[in-house]
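The block underneath contains the structure these notes are about, expressed in structure tokens.
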Amino acid sequence: MKILVINSGSSSIKYQLINMEDESVLAKGLVERIGIEGSRLEQENSDGNEFEIVQDIPDHEVGMELVVNSLTDGDKGVISSVDEIEAVGHRVVQGGDSFDKSVVVTDEVKKEIDRWASLAPLHNPANLMGVEVCEKLMPHATQVVTFDSAFHQSMPEEVYMYALPYELYEKHSIRRYGAHGTSHKFVANQVAKEIGKDVEDLKIITCHLGNGASVTAVKNGKSYDTSMGLTPLEGLVMGTRCGDIDPAIVPFVMDKEDLSPQEMDHLMNKESGLLGVSGISSDMRDIIEGAENNDKAKLAYNMFVYRVKKYIGSYVAAMNGVDAMVFTAGIGENAIGLREDICADLDYLGIKLDAEKNNVRGKAIEISTDDSKVKIFIIPTNEELVIARDTKELVAN
Ligand code: ADP
């Protein structure tokens, strides 16, 4: 069975065609700058063959047609007909409390994705557009949606509620939903496999540290708490997001700087975090390099590390212990010194990193010392594979 995994954004479509017999990636690619000048597609096939198509791509339908043509092209393609694609798995950012698992697309499901767009205005409409274009271009294929929020639906009420007037929850569904669920679930399950135990018998802290970053407490295979909230703004210091701040800062700054709600939202989501503090970059590589001779870059780095450490400590308390910890995503998989700094001085909690084993990038590996009570791992995340597996299972049933 061949499954196409789609991540449709507002101006881009990322895709992977996966052969589910052996879970190998036949081809992966990206359509970018949809609707703007300089639109293009790039694709890399499993045999190493790479190509680029530069052409006008006014909308997602034209973009998806180009994807299908690139996959089925007589010379450059990897399949002979679009009919070989048995199902399409789509990433959807926000499913609110309507979905705790992946589902086959129906009209009702599409209505719900549209309804939850109020909480993910940049993502859900683009995700839905991807679904509708694929329905049109591949009517034979089963369409499945996987939600970033679904894994966190297991959080208990006292964890997901905010201490605001209860009626705001009733009227506007204001509560914690979390994000990166597919990634947290994947790496937690991989860790259980590495340890050789059932994930249901483990307490795991998963650190997804990318441009967007979140930490999750995974208790007995389920998300118990996570650092992102109603939106991805809450929690860790991120590339351009501030993460946790005193909420009183919001009206204070709006008043002092004469900002509208939209401008304040932009300031916290796009102008803050590593970029806002350092003033040089949102990219952790630049921050690490800059920290050598720039005090603000050093401060941004230290704040990032401290916030992760604080969440780890609080989740050990929340779960009454921890058996394993895992680092994933761009920063988590690659930033050697940063992993060391996060794990430093956590030996009271039984967390001891082995500096030698830790001297590695992007590999699934255990990096704790032999006497560390808590096992520490790096696991490269693979959200596409989770989406493909969920899709396969739903098609089979
Ligand atoms: P997202 O998917 O959220 O856009 P990624 O998971 O791709 O983000 O992670 C991007 C981040 O990973 C960037 O901050 C980048 O600097 C960081 N990163 C990538 N490689 C390294 C590295 N070798 N050392 C430190 N940080 C790295």
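Cβ coordinates come from backbone N, Cα and C, glycine included.
Because TrEMBL annotations are produced automatically, they should be read as predictions rather than curated entries.
Some features that TrEMBL has for this protein:
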type: BINDING; residues: Asn7, Glu383; note: Mg(2+) binding site
type: BINDING; residues: Arg91; note: substrate binding site
type: ACT_SITE; residues: Asp148; note: active site, proton donor/acceptor
type: SITE; residues: His180; note: site 'Transition state stabilizer'
type: SITE; residues: Arg241; note: site 'Transition state stabilizer'
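Shown on the structure are the features that TrEMBL records.
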| residue | record | Cβ contacts under 8 Å, 6 or more apart |
| --- | --- | --- |
| Asn7 | Mg(2+) binding site | Ile13, Lys14, Tyr15, His90, Arg91, Gly130, Glu384 |
| Asp148 | active site, proton donor/acceptor | Arg91, Val92, Val93, Gln94, Gly95, Ala179, His180, Gly181, Thr182 |
| Arg241 | site 'Transition state stabilizer' | Gly212, Pro232, Leu233, Met268, Asn269, Ser272, Gly273 |
| Glu383 | Mg(2+) binding site | Arg91, Thr182, Ser183, Phe186 |
Legend entry - Cβ atoms near the residue listed as 'substrate binding site' (within 10 Å, other residues, all chains): 22
Inset, instruction - Using DSSP reduced to three states, classify Asp148 (active site, proton donor/acceptor) as helix, strand or coil. - result: coil
Legend entry - Protein Cβ atoms within 10 Å of His180 (site 'Transition state stabilizer'), excluding its own: 30
Legend entry - DSSP three-state assignment for His180 (site 'Transition state stabilizer'): coil
